[in-house]
């Protein structure tokens, strides 16, 4: 419901002047995050210090960035579980370029984004033109991407990655006024995506496809090219996000860089209020969802609890977020 | 024909054009998934035997090796059958949490049998019942609250995996009892004719065949099975036909949990220890299980799928994987298996879509 413009009547005057970037789910998320931060601030004195918050936002950046693409895909009622494999492949190619071929940073990042786009195109074309359910295709391509990533890795790690990538966030060189660059880029992408979804025909088409693909086609939406585009955009963001992942780590890149990331991204999107059934969603919710997920991860570690416990909380958050959404939807339908 | 002319001949179904044997064989191949799978199994066996004859493989691809590799079919086919029930029930049915349930129930079995000294049978019942409860949570979320299965089982995938890791302290559970339980996975000689045949892994008889029979009977010989097919084919029609949809959809997720519980016990026997990541390490067990189901001809939209397809798909994958391990020794083999699984899944799902459009069925 977030960004649909279908309820023109009876809106408060402020909302009519300032189209709301945030609605129900986002307000709830901001509240939950504020409460969590307050609690963590009380129980772990170090949590609210810059040395703890900055790494948190460095880790939020790639999840939220890729989450923007995933939001596009899920709005069209699709899904992409191959993101983990694609991250691994883009990351290892970037790392190898930097280590073995000494290319400039900008070239490495561009190659990574182009590679990611190609992988996204493969998914998109198979899904849109093969007319096969997205989860099945992306489960398959996940394995294929993983295979190529492992092949390029050769041994299990890439070592001695130069520190040029630090400019994205880790350390002093990666921050301006205390804000990690990767997070700033992510926020820019989120704002651009929000504008695209809300104010352009292409953005509205994504909602239309997710709402009812047949109706959208009859209304003149080019369903298949738009679907391919959503996966390609995700691929490009995966390419950039993979660079953020390398930049957030040490100078060693591990084979497991992509493992489970697709689930973290999907969790952020879903917690952010995007409906898995398609047709409704918000990229700002996704950003907040990513912050929530990473806050839980960071908080569990700082409280000294077993780090694996974080996943239990993430699972519960997904259930609560989707559950309240379902109940709200049911109440709305009862009223109508 | 214009509207005014009276029909000259009574309206007849247009005569089917005479079709050659090739065209009919193609249709059988595409619409009867078990025919296709049988052909593919023969192709894999032939290709591998030829490669073996040309001395390209690092070991011999003979009946003993094939029989021994069937041990991998036990968890794979069982979880494939779990997915069969869930996917059949429609409405985007899928269970991503099977791997995590295998981990949790494996730890439960390892703890109760290996550390707390419970009786073997009671420990097994404990693990299976726990699996049923975990599956029941999935089922309740999906059928009673209305969660999309993808999201419900994604959430519980996280939660259950976390429980398995935290419960076990991220260490495998190990003891003498568990190590001797390894014998449950050993290969045995069949009675009467066994001496002429390769040794067959015991797990095939103690776990796989009973589960295959039970699932087949449930789906094909009970009203419950008919209801599952009905609500997968058309949920609304099922409601108006008087089927109580919710308990039936709930039940397939419980069934998935119960089977995962059994697989948890199987993995303890195979690894000779209860590993907290047994079902989730690498790409986890859900992916191969879903691949098996899709390759076996199960339509992801629900309502279409057969036990025999799942079983044959398992045999195909297991023997293909076994051959790959010989052709690409060591770590390479494991990686090529990944590639093969991915290609097979993409190929099988495209084929399912094509078959559905061309012939209206699988």
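Yeah, the Cβs are placed from backbone N, Cα and C, and that goes for glycine too.
Features reported for this protein in TrEMBL:
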type: TRANSMEM; residues: A:27-48; note: transmembrane segment
type: TRANSMEM; residues: A:55-75; note: transmembrane segment
type: TRANSMEM; residues: A:81-99; note: transmembrane segment
type: TRANSMEM; residues: A:106-129; note: transmembrane segment
type: TRANSMEM; residues: A:135-154; note: transmembrane segment
type: TRANSMEM; residues: A:175-197; note: transmembrane segment
type: TRANSMEM; residues: A:228-251; note: transmembrane segment
type: TRANSMEM; residues: A:263-293; note: transmembrane segment
type: TRANSMEM; residues: A:305-327; note: transmembrane segment
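If you look at the transmembrane segment (A:135-154) against the transmembrane segment (A:175-197), you find fewer than three C-beta pairs under 8 angstroms, all six or more positions apart, and that falls short of contact. Proximity of distant same-chain residues to the transmembrane segment (A:228-251), defined by a Cβ-Cβ separation under 8 Å and at least 6 residues beyond the stretch ends, is recorded for 55, 58-59, 61-63, 65-66, 68-70, 72-73, 75-76, 78, 80, 83, 86-87, 90-91, 94-95, 108-109, 112-121, 123-125, 127-128, 159-163, 165-170, 174, 182, 185, 189, 202, 206, 257, 261. Only pairs six or more apart in sequence are counted, and the transmembrane segment (A:55-75) with the transmembrane segment (A:263-293) gives three or more Cβ pairs under 8 Å, enough to call it a contact. Of the candidate ranges A:81-99, A:106-129, A:263-293, A:305-327, A:263-293 has the most C-beta pairs within less than 8 angstroms of the transmembrane segment (A:175-197). Beyond the transmembrane segment (A:27-48), the same-chain residues lying 6 or more positions past its ends with a Cβ under 8 Å from any Cβ of the stretch are 271-273, 285, 288-289, 291-292, 295-296, 298-299, 302-303, 324.
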